[in-house]
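Read through the structure below, which is laid out as structure tokens, and then see the notes.
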């Protein structure tokens, strides 16, 4: 296990290097002079030259790349062209917002997805099974940006139950500590604000949760069905154990392993999906940060934003792989 | 000579038998039995027909504006209502099928061609060639796909063509890996060793023997990939990075509807429904094809 873990961790290094190379070349792949494109056609020659120099575009590419890599290793993610601030300094609040949204979405997806899958398998071919699986099929095919708009229309505009967009009530702003607002309001003991944050979180996290929920439900169902056919489950039933215990204790223990992998993979995909959800719900997360940067052609922010999200994605996959190897003793890695 | 003649007869018989139970025919028989798959194929065919006969079906042109009829609710004249320019949403949704299917099909075709080529080269030649190509796939798969697509479009500039290119690029590693693993197993087969032994060229072995034998997973994966590509194209359109106005692209139509959610929800409902149904159709069909043609891929 230790050797496997070490080898798996080492494989991350070339992937990270390759990723940094792709992201580095992104800005250089802009047709024409990137500095001119960033500043627009009306920019003066001096301004273009100054930006070319500032971005290091007047040096050979390998020197530029080494400098870029050195910067990354020392936590220098470049400067935003729009705000002039260091990306590493302004990125955390956005990242925290995305993290809160993604974790909330994953929570919903796992609780509902796993239980729907279990009940579907338990009552295979029942009406619940059919309804749940048809919904799961629709969920997988659902464009989340459409679902988000539908939610806004139904729950915020028509029923007026929940806020349409944003992360907090602008009339009652939250004093950030960690920038994870649920935690911040809890630390401050402010129940009213905690409830407000929760209310703002419901619609975007449900929209973001839909696809992973559907995939988790389908995976749990098929995995449970397979396990429930095994001899030891029949023995457990024959011993007179109640079906609830057989399903939730004996079967789930073995059936959950492939589901865990799917959950891990979905967590990574949520980060991508967050961009769309954040745009619809004006959620001030990393996706919106990158999206707005595209409008301003703020390439350092686009580069660093993409690199950070991709790095988190890689580390989530790494943790999932290691957990998978640790949990399932049947898997041996050579 | 006599021995050769004796051997010829059984080969013909085998070939005839193979014709009778060709794997494609067998696959189609299994596919037909799968109700969900048939529903999926029905939906896909419906949208294909819609796209092909759009000029005959759509009652209005995609850019026919009538500002006196802005944001009208669905009625007999305008089945899906009108948008903020007074354009007929039904006609725009019908023409939108052309764009979505076009992007979905051609982006996947691009991924299949490039991905298969790289996968075949990696799998067949192995060693350092495989090392480089496989690492490239690993790196590309390390990005959340929509994020990579956004990055590519941010560089190339927002347009439908660039969105198609971006979607094609992000799906290359999926096909590359699939074909690579397929080639690795086919390479060990005796008929490939035999082909090598009689001096057949690498290109002939690759394109006449290995590629045709890898078609099943490509078709299955390709159908499912069209579903993803359609959603990705709509997502890029929604973010303003795909089709540009006045193209009736479904994602872009949804983005435009955001401002009129309170007054005119129909501007949002119908394009979204069209995306969902098309994607559902391809997903159901892809699942059905997988079960019928390649049951091993199920899990």
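Glycine is treated like the rest: Cβ placed from N, Cα and C.
Predicted automatically and left uncurated, TrEMBL annotations should be read as such.
What TrEMBL lists as transmembrane segment is B:39-62 (among others). Note on the transmembrane segment (B:39-62): residues 87-88, 90-92, 94-95, 97-98, 100-102, 246, 248, 274, 277-278, 280-288 of its chain, located 6 or more positions outside it, place their CB under 8 angstroms from a CB of the stretch.
Sequence annotations record features per position, and here TrEMBL assigns domain 'ABC transmembrane type-1' to B:97-286.
A Cβ distance under 8 Å defines the sequence-distant neighbours of the transmembrane segment (B:99-124), meaning residues of its chain 6+ beyond its ends; these are 47-48, 51, 130, 133-134, 136-137, 160, 163-165, 167-169, 171-184, 187, 202, 205-206, 210-211, 214, 218, 222, 225-227, 229-230, 233-234, 242-243, 247-250, 274-275, 278, 282. What TrEMBL lists as transmembrane segment is B:99-124 (among others).
Annotation source TrEMBL lists transmembrane segment at B:136-157 (among others).
Per TrEMBL, the feature transmembrane segment maps to B:163-179 (among others). For the transmembrane segment (B:163-179), the list of distant contacts is 103, 106-108, 110-112, 114-116, 118-120, 122-123, 133-134, 136-138, 140-141, 143, 145, 148-150, 152-153, 156, 214, 217-218, 221-222, 225, 228-229, 232-233, 236-237, 241-243: same-chain residues at least six beyond its ends, Cβ to Cβ under 8 Å.
Within the same chain, residues 99-101, 103-105, 107-108, 111-112, 116, 145-146, 149-150, 153-154, 158-160, 163-164, 166-167, 170-171, 174-175, 178-179, 249-252, 254-255, 275, 278-283, 285-287, 289-290, 293-294, 297 sit at least 6 positions outside the transmembrane segment (B:218-243) and bring their C-beta atoms closer than 8 Å to a C-beta of that stretch. Sequence annotations record features per position, and here TrEMBL assigns transmembrane segment to B:218-243 (among others).
What TrEMBL lists as transmembrane segment is B:263-286 (among others).
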